[in-house]
Structure formats: C-alpha cells, structure tokens
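Worksheet for the structure shown next.
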C-alpha cells in the first residue's frame, strides 16, 4: 500500500513528483482467509452497528455481523477450488449415521446410498440456470428457480418415509439467519424453499428443489436426513455435493431481476467487453476479458466476501454485497484485491495499462491472499464487473469523460489562478479527470423511496471515504440525474463527477478570490458503455443528466449545490461575454510533432483587444498536471464580428522528456479583453495516440486442438523499447500468459507467434497487450470462433489448466521501419 491515500503522485492535486514507497507484503492469510496480522479493526467491525465497535458514521453498512466464526464445519471458500472438467461426476456415496450417531444401519431404515446433483455442465440444471459456462464440476444454481437431483436409496421410497434436505453455510449455521436451510420433501418450506418428489422408480428418487428468491448467495454444504419406523439416517457431508447459489436476474421474484433477455445476455453472461478511455474528442477503447466463468474465479469472488468476514446473513442483499465489493476490490482499509498506483512508477508490480482482463488478478488474490499491484480506475471497474457478473448481478462498465473529483463537497470544481491567470496548483485540490470508469449494476432499492430502482452506480476506485471506508455506492442513477444528493449512498460525490460546474477563481490585489468565469458544460460531457450485442459504443449520458442547459438540468445542479459546502456560489456570476474562445489540438500519434490552436471570435459590434496566454503541460489522466514546459503570449486585435486563430507548434523533442501515463497533455488558456474587462479561461485536455497490436489467427480453432495466433507490432518511437512484456488472455481460449520478449529497436517491426488450445466452443475473444517503460497502453484483440470437438459435447477437460506466467519468447521475425 502507498504511504497514504493522498500521497499518490498523479492522483491528488498539489503532490510533489516523487516515486512511491514500495508496499510491504501483507502477511500470509490463514486458510480461512483471515490475516495473521493482529491489531486494527476488521472491515465489518468498523462497519457494524454492535455496541462494542460502533462508529457513528457507519450506519450505512447494513446487518450486524452476528454470524460468529470459530466452531462447526465451514463451507467457506477453499483455495484454489476444484477443476473445471465436464466429465460426469460419480454419484457420491457415504456410510451415513443413525440418530444415535453410532453408524449402525438397522434393517428397514431408509438409507441414502448416493446423491446425483446433476451438476455436469451438459446437464439440465446447469443449462436451465444459465450456469453451464462456469468451469466447475459442482452444482451452480440461481436462487428462486427449481433444480433437480437424484437420490439413490437402500430400498423403495414409501409414503410414510420422511426425507429432509439441508443446506448449511458458514461456521455457525442458524435457521433464523438463513444460514441453515431445512427443506422437508413434500411439504412447503419457509421463505420459498420447498422440495417435491417428481418420480420414484425402484430405489431411485427424483426430486425438484425450489430455492428462495431471497436466499443467501454462496457455497452451501448439502446433506440429507431420513426418518422411518426403523430409525433416522443422515448422509455425511461430501465436498462433491457442495452447491453454489447465485443471484438470479431471470427470476421475477429476485430483486436483481432484469426484464430483457438481451440485457441478461450482455450484462450477466458476456465474458468480455469494451472499456473506453482517453478524452471526449479522442476516445480510445480496449477489450477487457472479464472471465467470470473461468475456473477459480467464482471461488475468488466468494473469497472476497469472506476475507473480512462479511456476515453470511447479509449476503442475500445485493445492496450490501455490491457495497462490500466496491470496498474490497481496492486494497485500502482491508487488504482488498488491487493496490492503486497513479505515480507512474510500477517497477514493483504491473503497469495498470498492461492488464488485459480480471482473471489473472483475481486468481493471484485467491492463491496468495496478497493485494495485487497495481490498478487504476478501469482496472478496478473491470474487476468489479467480473465479480458482480459472476455472482449474478447484471453489471456494465461505464466511462465518464471529463469526470470531476470534488474534494470539499462544494459540488463545484474550483480552479484557482493568480492575478495573471496562471494556475495556482497548490490550491487546486479539485481535479477533472480526463475520464473515469465505474460500474452500473441493476437492482431494486427497497431501502429507498419508490422510483429509484434500476441502474445503481458502484465505484471501487478509492477516491474518497464513505462512512470511513474507501468505497462508493450503490447509488441510484435516477437520484444523480435529479440532483437528489441526500439519497444514499454517496450521491453528492457521484453527482459532482457528472454534473457539477467548473468555477474559475482569480486572486485579487488584496489576496481575496473572485469568480471570473463559470463553465457550465465542462463536466460529464459524455458517459458511455459498450452497446448490447455489439462492440459499438452506447451514449448513456441521458440516463445521468438532463440535456445540458435545459431548465431541468439547471434545476438539478442548483438543487445539488444548495446541499453543498458553498450553497451561495451561484449568487456571484461574472459579466456578460461577447468574445468567445475555442481550443483545438491536432490529432497526433506518440512520437510525432503536434499543433495546438485557439480560435477567438468577436460577437460584439465593437473592436476588441485580447491579451492571450497559453500554458502547456503534461497531465495524468486524473487531472493532476506536471510542469509547464511550453507557453506563448500574444495580443490579438479583433474587428467587429471577426475571428482569429493563435497557434502553438509542439515538437516531439519538447514533450518527450515530460511524458507521463496515457500520453495526455493539458492546455491552460487564459485571456483578458481590454475594452470590456471580460476574462477568458479554458482548460483543454488531449492525448497522443498509441498504436494497436495486430492479431491474426493461423488456421481453424477447434475445442481441444492446438491453434496459433500471430502478433505484429511496430514501435512508433525513434527510441528502443526495453524490457518489453506481452500479455495474452481469453476466456475459453487461453489462461493468462505473460511473454517476456526483451528489447524492440526504434521504429522496428516485430512478429511473434503463440499457440493455445481452446477449451470451450462458440465466439471468443483473444486479447493481448504490450508494456515497456517507454511505451504502454498498447493492446489488440481478435475474434475467435471455436468449433466444438468432433463427437463431443463441446467442452475440453483441461479448463482448469495453469496460467503461464513469465515465459521468455523469441521473436518470430524482426523488421525495420
């Protein structure tokens, strides 16, 4: 972890440019996921409402942690979990015990000799529950929907026999908390649980089991009890009979229900997606492998809930679950999944731009218990999408361009300048991120008034604390749209991200500050996500805000601001404007020269004289700017109704020494109109584009058969790229793989080939990235249509194969520019 959440260079305004301290490894966790490290309160201890650990600010965290740990058999998540072959599991058998516990089986006793949960991926249960893609042998079902099982009995089932199914989760299962579920066969259970005999044939009994639509999600132990005139029998617990229960967007009684099949296919079942980055004018996109069905990922998701002891009784509520996930995907407070790092120094971990998916990250966390270095907003969001989709919540990854970060709850973005309109960086704690990525997940909100169901924002990037914890959401998108910042959770912060105003303050001669300009359309200018059933970009800005400048939009802003720390900010507005300013930057590729320009337009009927000042600096995508490396001053005369353009060329050699992550630059433009006193102010962010990787499939792809992909890359820079690392990942195609390829010369073209063995049929995506100290944010993707294996059900039995990390690969060929 970093020195402190506000010490990260590139993340918070006003920080010196210094390398981060290297995080010390967390202590190895115990097998149940708890850390050996003593001291400090756990996540749920800080968040619960019990008398011994209550925090007055912690009312938002839901149920008390009354499910104690420490006795009984646990059904917590095992590491690393079972492998994912699709071979038919044998019927589990056990000797069982009678009511006396002595193991004696009496004549006439109804003994359960075996159980078949019909858990194969090709069986009816998995297909009907839309869980057949999970690379697991265990039964995985969605709550509120029936499933079938077969019992192999010692004799014919009689009407006088009584059979009871039991599901248990946690170390201290209790009926009253829903952690011990008792289901009498043939009788109505409580809370929607019931079991019925479908068919009795000889010693075989076919049962249909109905789960509650409000059931706790997680991995349950399963047992069967029988009672007959000859005595009672209990089937012993068998790990092969553990049952995973997930949220169910297909069940109308589940509060996560989604009433559109195409939405469910996209937001629950799609294993890959697009994440957008860059600037509004220069949008980049990268394909992300969510991999929610990959072997081990479901165990990793449940391990996240276990890691800091989320009460099992609260795991049936998607509001609580999503809020915990938003806290645990980042490492602050609770040693969660990812360590955030915005410094530019990633020498002790992985550059956030190098990740191509969530699988490698989650499996590393599950395997070691250590937080994974490093992540930034799109990585946190990508992992959150994986976790929530895996658990059954319809979730999408959302990008907000020109995303504000309000640090003082004013609900405005305050930017301070000196008397000459030069930015005062030590005062500019608020920042506008070029883009910020979070998540929407779909659920009803019974904890809110009516009208706030549907999409809810969840943000795992650690920006500000909520109830003392670095987490954010779930927050109703509808409350954001209408400026209802008093609705929980964290609505003021998210509203400011999408719909605050940019307020420019100038220092006066007496040291005070005066508002000289308010930019009303600068924040949340475009909010996008991947479209359903395509790789196109969908504009969802209208869901978050009313049309810019409309009465409804202004009312929402002013309503929100009235609840902020500067409720009277709109009482002091600047003078009328008659000179307009437009800022542009030439679209350029990393390594090329570029041009920036400012257009001035005189809308008045009089001559105007404008003193213009341009400051150019590099900037982190978080809005934190570096040193100003070029500036230009010019006085422009404008005739009535005339316009003029001021340009500033920038050579590669001028910006190269100053480049930071994302290749972004910030142009601060300020001006003063001599005749009217009008102040002009504008901040314009742009980025240098990076090249893509070119991927080509060599031959047909068939389940279980080796095929090959070719990757081609041309270095756009005139300098050598050192310590180049490729990453390759694709659900159903390739477990996460790291390829160390050494150096690539300036303007050199390289080609490499990699083989892989598909394990699941259907359309798949193979994703690759390149990273080096000199160049990052380079990635590529190829669609791979995998044919089923001849004469097979389609699945290959090596789905749980190991990842290939740290392999050194020779180049297939090299070429010059």
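Placement of Cβ uses the backbone N, Cα and C atoms for every residue, glycine included.
Per Swiss-Prot, active site is recorded for 377 (among others). Counting Cβ atoms from all protein chains shown, residue 377 (active site) has 27 others lying within 10 Å of its own Cβ.
The 10 Å shell around the Cβ of residue 436 (active site) contains 28 further Cβ atoms across the protein chains shown. What Swiss-Prot lists as active site is 436 (among others).
Positions annotated as active site by Swiss-Prot, on the basis of sequence analysis: 459 (among others). The Cβ of residue 459 (active site) lies under 8 Å from the Cβ of 326, 380, 381, 438, 439, 472, 473, 490, 494, each of which sits 6+ residues away along the same chain.
Other Cβ atoms within 10 Å of the Cβ of residue 501 (Ca(2+) binding site), summed over all protein chains shown, number 22. Under the three-state DSSP scheme, residue 501 (Ca(2+) binding site) falls in the strand class. Residues or ranges marked as Ca(2+) binding site in Swiss-Prot: 499, 501, 548, 553.
Taken from Swiss-Prot, the feature compositional bias 'Pro residues' covers 17-26.
What Swiss-Prot records for 71-84 is compositional bias 'Low complexity'.
The phosphothreonine annotation in Swiss-Prot covers 22.
What Swiss-Prot records for 24 (among others) is phosphoserine.
What Swiss-Prot records for 68 (among others) is phosphoserine, and it gives similarity to another entry as the kind of evidence.
Residues or ranges marked as phosphoserine by Swiss-Prot: 82 (among others).
Marked as phosphoserine by Swiss-Prot: 85 (among others).
Per Swiss-Prot, the feature phosphoserine maps to 92 (among others); the stated evidence is experimental evidence.
According to Swiss-Prot, the phosphoserine annotation covers 95 (among others), on the basis of similarity to another entry.
Swiss-Prot lists 1-100 with the feature region 'Membrane anchorage region'.
Per Swiss-Prot, the feature region 'Disordered' maps to 1-38 (among others).
According to Swiss-Prot, the region 'Disordered' annotation covers 59-105 (among others).
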| query | In the structure shown, with every protein chain counted, which of the binding-site residues 548, 553 has the densest set of Cβ atoms within 10 angstroms of its Cβ? | reply | 553
| query | Per DSSP, to which secondary structure element type does residue 436 (active site) belong, with helix, strand and coil as the options? | reply | strand
| message | With an 8 Å cut-off on Cβ distance to the 499, 501, 548, 553 Cβ center, who else from the chain surrounds the Ca(2+) site? | response | 500, 520, 521, 523, 524, 545, 546, 549, 554, 556, 557
| note | Cα of residue 553 (Ca(2+) binding site) to Cα of residue 377 (active site), in Å and rounded, measures 27
| field | Inter-residue C-alpha distance, residue 501 (Ca(2+) binding site) and residue 377 (active site) (nearest angstrom) | value | 22
| query | Relative to the Cβ position of residue 499 (Ca(2+) binding site), how many further Cβ atoms are located within 10 Å? | reply | 24
| Do any of 377, 499, 548 (recorded positions) have a CA within 10 A of residue 436 (active site), and if so which? | 377
| task | Could you please provide the mean pLDDT value for the region 'Membrane anchorage region' (1-100)? | result | 43
| said: Please report the distance from the Cα of residue 499 (Ca(2+) binding site) to the Cα of residue 377 (active site), rounded to the nearest angstrom. | reply: 19
